[in-house]
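The next block holds one structure in the form of structure tokens; read it before the comments.
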Amino acid sequence: MASIAAPGHAISVNRSHRRLNSTTTVTSATIKSKLPTFSSSQNPKPYNSNIFASKTLHNVIKNSTAVTVGLYALSSGVSHVLLNGNGGGGFGGSGGGGGGGDGDGFWSRIFSPAAIAGEEESSEWDSHGLPANIVVQLNKLSGFKKYKVSDILFFDRRRRSTVGTEDSFFEMLSLRPGGVYTKAQLQKELETLATSGMFEKVDLDAKTNPDGTVGVTISFLESTWQSADKFRCINVGLMPQSKLIEMDADMTEKEKLEYFRSQEKDYRRRIERSRPCLLPVSVQREILLMLKEHGAVSARLLQKIRDKVQQWYHYNGYACAQVVNFGNLNTKEVVCEVVEGDITQMVIQFQDKLGNVCEGNTQYPVVRREMPKQLRQGQVFNIEAGKQALRNINSLALFSNIEVNPRPDEKNEGGIIVEIKLKELEQKSAEVSTEWSIVPGRGGRPTLASIQPGGTVSFEHRNLHGLNRSVLGSVTTSNFLNPQDDLAFKLEYVHPYLDGVCNSRNRTLRASCFNSRKLSPVFTGGPGVDEVPPIWVDRAGLKANITENFTRQSKFTYGLVMEEITTRDESSHISARGQRVLPSGGISVDGPPTTLSETGIDRMAFLQANITRDNTKFVNGTIVGERNVFQLDQGLGVGSKFPFFNRHQLTMTRFVQLKQVEEGAGKAPPPVLILHGHYGGCVGDLPSYDAFTLGGPYSVRGYNMGEIGAARNIVELAVELRIPVRNTHVYAFVEHGSDLGTSKDVKGNPTEVYRRMGHGSSYGAGVKLGLVRAEYAVDHNSGTGAIFFRFGERF
Amino acid sequence: MLDVVIIYLVSMASQIIREWAGIQQFPAATQSKLLELLGKLKQENVSTLTILVMGKGGVGKSSTVNSIIGERAVAVSAFQSETPRPVMVSRSRAGFTLNVIDTPGLVEGGYVNNQALDLIKKFLLNKTIDVLLYVDRLDAYRVDNLDKQIVKAITDSFGKEIWRRGIVVLTHAQLSPPDGLTYDEFTSRRSEALLKIVRMAARIRKQEIQAASIPVVLVENSGRCNKNESDEKILPSGTAWIPNLVQTITDAVLSGSKGILVDQKLIEGPNPNNRGKVLIPVILAFQYFFVVKRIQKWIKNDIARESRPSWS
């Protein structure tokens with residue numbers, strides 16, 4: 001009985017506890033692939049009905065009276081092969097008992113010999129105690145001695161030569177040079193070889209060495225069958241194994257003939273019933289070529305074919321696929337029987353912290369909808385689909401540990417049960433983080449007043465009703481003693497699967513209440529203008545939107561925003577107009593109005609929509625593809641001064657791959673040309689905080705935020721060329737931004753008041769260093785260049 | 001806010017219309033000429049004349065105003081700006097009212113002073129400008145981009161129509177021209193250069209030049225100005241310039257064009273926030289059907305074209 005422990009490919013993910021409101025969520029995803037462990041015991045009987053124990057990945061039952069069943073274990077451990085003769089009569093190897101050495105039928109049996117070696121190796125060994133350089137037959141060796149094997153040779157009797165260590169026969173052998181073995185072990189080894197079906201005849205001799213060790217020579221005669229000119233590969237997964245009628249030892253010749261004939265018929269029927277396999281024609285043709293080249297079909301050739309077929313399957317991710325049998329030998333056609341690993345069931349299992357199976361809070365459809373189609377029942381298990389499932393489930397951010405595990409189906413031979421083990425994250429979490437801020441005052445010493453306790457309080461309630469709905473909130477302040485100074489809050493409710501968890505339409509409702517504070521780039525000076533007193537734009541409001549995901553990157557969001565906008569000066573006083581520094585040094589507060597209502601506080605409600613089409617993908621780490629974004633804010637005439645407007649932006653970015661490259665890890669990325677255009681425009685009421693600004697790292701590089709101008713309609717154009725260098729890239733760019741003469745259409749004309757040009761170009765070059773871009777950009781308006789360091793990507 | 005209050009106070013104060021006493025100060029020849037011109041205006045039913053004086057700082061706007069009125073109506077000083085905000089000087093004589101508005105210089109730190117311009121605009125609210133005097137110096141040899149900017153700023157503020165009532169005034173007219181040029185050559189070249197800029201910035205098209213020629217008047221405000229036998233201030237060419245200036249103003253007023261009424265709309269220009277508002281529903285529909293729908297179609301194509309991984 002050989003038993004092979006589940007060579008399962010367990011895929012799992014460990015997720016560290018997620019921090020709320022932290023953008024740098026530390027997620028470690030590991031995909032484990034456990035190496036299978038093998039334990040095998042010698043098969044005592046040459047005639048065996050069940051060669052795989054219940055734990056095996058595939059149960060392949062071969063029942064035969066007159067044949068030897070053998071099993072090979074590959075070093076990879078995943079596959080086992082069963083060689084099958086064309087239905088009886090013949091006998092393979094010496095274990096076949098019933099003669100017919102030229103074997104027109106052949107059942108082979110494969111063992112995993114690896115286990116024998118390791119455990120019984122010991123450092124102590126006995127000298128053979130015989131004169132040196134004599135050849136001793138195996139049965140002449142002493143049963144009480146432990147022999148040390150110095151080297152192992154395979155001797156091909158047909159070719160009258162020894163074969164090299166690279167020969168596939170060495171894989172079958174558990175003996176290793178330098179190992180210590182008893183006579184019984186050596187006999188077992190020989191038996192294993194003899195019953196493998198690979199050999200018609202095999203002997204083991206020991207040659208004594210002067211230092212007390214022995215050299216082992218295995219002389220063999222390889223099994224061969226008549227040459228074939230056809231090859232067929234069939235999927236026998238989930239098929240009941242052909243039941244073979246016991247062949248009575250005292251059958252007459254006629255009965256035997258009938259028996260063989262019926263077996264042949266059975267086999268033909270089996271082939272007919274089998275499903276087509278995934279193996280592409282090109283590989284089949286290659287194999288056919290191999291067959292033709294070799295002429296006679298030998299055991300070694302079958303091994304090669306098996307390797308080739310399995311290699312294709314494993315390379316393409318079908319990790320559970322195995323060649324289980326070669327049938328129809330000694331006919332014109334070689335039939336390769338493959339169990340591809342059909343999925344019979346998908347099981348979702350929740351585990352508690354200790355790893356015990358428990359009832360989960362998450363509803364099953366939530367997990368099930370993340371499964372790729374390829375993991376559904378009836379599909380062939382593919383490790384890539386498993387990985388995809390793992391990634392998809394991981395993106396739910398509901399589980400701390402995810403394992404996708406193919407397990408052999410015990411009730412269904414050759415079937416695979418995909419087992420998904422999930423450890424749920426804590427549903428509720430709260431976090432407090434604090435920080436002290438100390439600002440050096442005059443003379444460089446911090447004053448007592450500048451020491452402020454700040455921090456964030458956040459809570460999250462995840463996975464409400466097990467449907468991945470969540471409520472999360474956070475409050476951040478830089479000063480707990482005076483939180484009204486600077487208080488950022490956010491409360492958000494997320495409701496995914498708006499159309500029902502079983503509906504394939506993926507819409508998510510988000511409702512939030514927020515505030516934010518930003519420095520307005522509208523109130524920025526042009527080149528050569530002394531500092532313009534800054535204006536802060538505070539927004540606080542409610543937002544509800546629905547996001548429909550079409551693909552992972554393309555989505556459509558639409559919703560309603562109601563907000564109050566307050567504009568403040570440096571000292572947090574509400575300011576209705578921008579300020580400017582007079583040449584005399586004084587500050588005048590008669591700049592452009594900051595709000596529509598001209599009071600410094602605006603309230604408005606508007607509809608917001610954003611459609612993003614993004615088909616970019618990574619080619620060897622470089623982004624290639626196209627991204628188009630259209631964003632629309634439609635005022636409803638509700639709010640201060642009844643704001644009615646249509647503010648729209650269209651962004652088009654193309655990443656053009658300039659050279660076809662081979663994809664794969666470690667391969668060089670292609671050079672990429674980036675074409676980028678951005679149009680922004682507004683019809684109707686336009687408060688200055690909603691004006692489009694030009695200049696800045698995401699607008700026209702080489703300028704400060706808003707340095708070129710603030711306008712009603714803008715257009716930005718950029719071209720960038722990225723050339724890969726080593727494992728990063730260098731780039732050169734040209735950018736231009738223009739207000740299209742619409743700066744004057746913003747009330748108060750902030751572009752002119754702060755003496756900005758309204759249009760500007762820049763060019764430059766840079767290099768990407770990890771996350772940082774280091775670039776030299778020349779601004780065309782002043783003609784001067786500067787080096788910038790920026791985080792993240794421009795496009 | 002304080003600024004605004006003060007402006008109102010000042011403008012209220014200057015609303016008190018005084019008797020034009022300064023006219024007595026002029027030499028008899030000038031007086032008779034002025035009275036003749038006023039009579040001519042009255043004949044045409046013009047009983048009020050509002051003159052707006054604008055230009056760079058320190059070119060002699062206030063002095064010109066004083067010269068026209070014939071008294072020291074606005075403060076002048078040689079080295080600093082004495083006019084931080086617009087001032088209107090009103091004088092009446094025999095049922096005729098003359099308003100002269102002096103304004104602060106339009107240049108500050110090498111740029112057009114928008115703030116000053118705003119002040120002027122606010123000051124002029126609900127007034128009708130009959131004549132604009134654009135003042136510059138005759139003895140400045142070059143015109144530059146800044147001049148153009150100023151003219152442009154005036155045009156943008158009051159519309160190009162104002163140049164139909166515009167007169168270019170060149171002060172410091174009593175000078176000795178540079179070597180090799182006669183006085184007349186110099187003045188004509190200088191005024192031509194300035195007019196060119198004005199025409200360009202005022203967006204007066206070539207075919208309009210004839211119809212809307214802007215007159216140029218030379219002025220010498222200095223007390224050392226040469227005088228003729230009847231004690232009138234004269235230019236090196238021999239013309240008495242005050243009667244000449246008033247004559248030109250009268251001609252401009254009587255040329256048939258209309259005075260510029262400065263109202264809220266003119267000051268603020270068309271409200272860009274209202275432009276195209278009616279079209280918003282149409283724009284929205286366009287965006288939905290031709291932009292959003294188009295992108296949705298692209299996404300659909302993407303999904304259809306998405307290359308399947310080998311294992312699916």
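Think of each number as a place in line: the chain as shown, counted from 1.
Backbone N, Cα and C atoms are what each Cβ position is placed from, and that goes for glycine too.
Quick look at what TrEMBL lists:
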- B:58-63, B:77-82, B:HIS172, B:220-221: GTP binding site (BINDING)
- B:SER62, B:GLN80: Mg(2+) binding site (BINDING)
- B:46-270: domain 'AIG1-type G' (DOMAIN)
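Annotated features, which come from TrEMBL, shown on the structure.
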residue	record	Cβ within 10 Å
B:GLY58	GTP binding site	15
B:GLY60	GTP binding site	24
B:SER62	GTP binding site	27
B:SER77	GTP binding site	10
B:PHE79	GTP binding site	6
B:GLN80	Mg(2+) binding site	7
B:SER81	GTP binding site	13
B:HIS172	GTP binding site	18
B:ASN221	GTP binding site	21
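B:GLN80 (Mg(2+) binding site) falls outside any helix or strand according to DSSP and counts as coil. Confidence in the domain 'AIG1-type G' (B:46-270), given as mean pLDDT, stands at 84. Under the DSSP three-state reduction, B:SER62 (GTP binding site) is assigned to helix.
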